[in-house]
Structures are given as C-alpha cells and as structure tokens.
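Q: Handing you this structure, nothing more for now.
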Amino acid sequence: MIWLALLIVFVSGPAWAGEARPLGEDPAVEARLKHLAIELRCLVCQNQTLADSNAPLAEDLRREVREMIVKNMSDKEIIDFLVERYGDFVLYRPPLKATTTLLWVGPFVLLLAGATVLVITLRRRARKVVDVPVTDEEHRRVEQLLAQGGKRS
C-alpha cells in the first residue's frame, strides 16, 4: 500500500510542475526588478504585489519595468511613470495625500465607532438586568436539588 502511495506521488509530480519564469541575463537588473516589483501592486489581483502575482498583466508589467531598468531609468522615474499611467493604485503602499486620507483613517474610525457601539450596548444591557426575588417554592426546590447531590428524580 505504501509503495502504491509513493508511486502515485512520484508519477503525479510532473503534473504539478509549473513553467519556469525566464530570468534576465543581468543579475543587477533582476535585483532592481525584484525590489521595484515588491513596491508595486498587481493591477488585476489588487491584494498582491507585482512580484507575487502570476497574472498575465503582472508578467507584462514586470517585462515593461525590466525594459525601463535596461534603459537606465532610475527607480523614481519608473515609479513616477507607472503612477502617471495607472494612478496611486499601482503603488502597494500608497502615499498619504488628501485624496487618500479616508483610506488611511477610515479603518480606525470604523473600529472606534464599532467599539463605541459595543460599549454602549453592553452598558444598556447591564442596566436592564433586574433582580427578581425568589419565591419560597423555588427556594425549596433548589434546596431539594442540592440535597440530592445532582441526582435526577
């Protein structure tokens, strides 16, 4: 049985293999590309960097950035070009500007509002708790149950 499992693992291995990404010929170019790709957002995936994404558009953008690096453009020039073309959205960590203030402050405002509502709700609930006196019958029943030691009658 173990041999069958090992055979399946080794035979199915090539099915999981992916196509290797072509690397540039210059390691310095690839290092700069990797550094820039970490700072840029995939326009399709939105929650991944350009370095992490396997989307075809991400491949195209990486190729375009590689070409700009080969043309000796600085990192700032490349980022400025992409921001001009795609907006601040292309930056994985967009800058704090008047137009993006809500994106940066909004989550904290919502968290504070939620915590406030929770505190108010819990305080109102605590005030609504009313002590109801126990009747003699209920008290006697509790004493009887305790005397039985948890045995069912």
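Heads up, the Cβ atoms here are built off N, Cα and C, so glycines get one too.
Per TrEMBL, the features are:
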DOMAIN    6-146  domain 'CcmH/CycL/Ccl2/NrfF N-terminal'
TRANSMEM  101-122  transmembrane segment
Q: Quick test of the contact rule: Cβ under 8 Å, at least six residues beyond the ends. What residues does that give for the transmembrane segment (101-122)?
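A: Long-range Cβ neighbours of the transmembrane segment (101-122): 94.
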Q: List the helix, strand and coil residue totals of the domain 'CcmH/CycL/Ccl2/NrfF N-terminal' (6-146) as derived from DSSP.
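A: Each residue of the domain 'CcmH/CycL/Ccl2/NrfF N-terminal' (6-146) counted once, the result is 96 helix, 4 strand, 41 coil.
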Q: Note the mean pLDDT of the domain 'CcmH/CycL/Ccl2/NrfF N-terminal' (6-146), expressed as a whole number.
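A: Averaged over the domain 'CcmH/CycL/Ccl2/NrfF N-terminal' (6-146), per-residue pLDDT gives 85.
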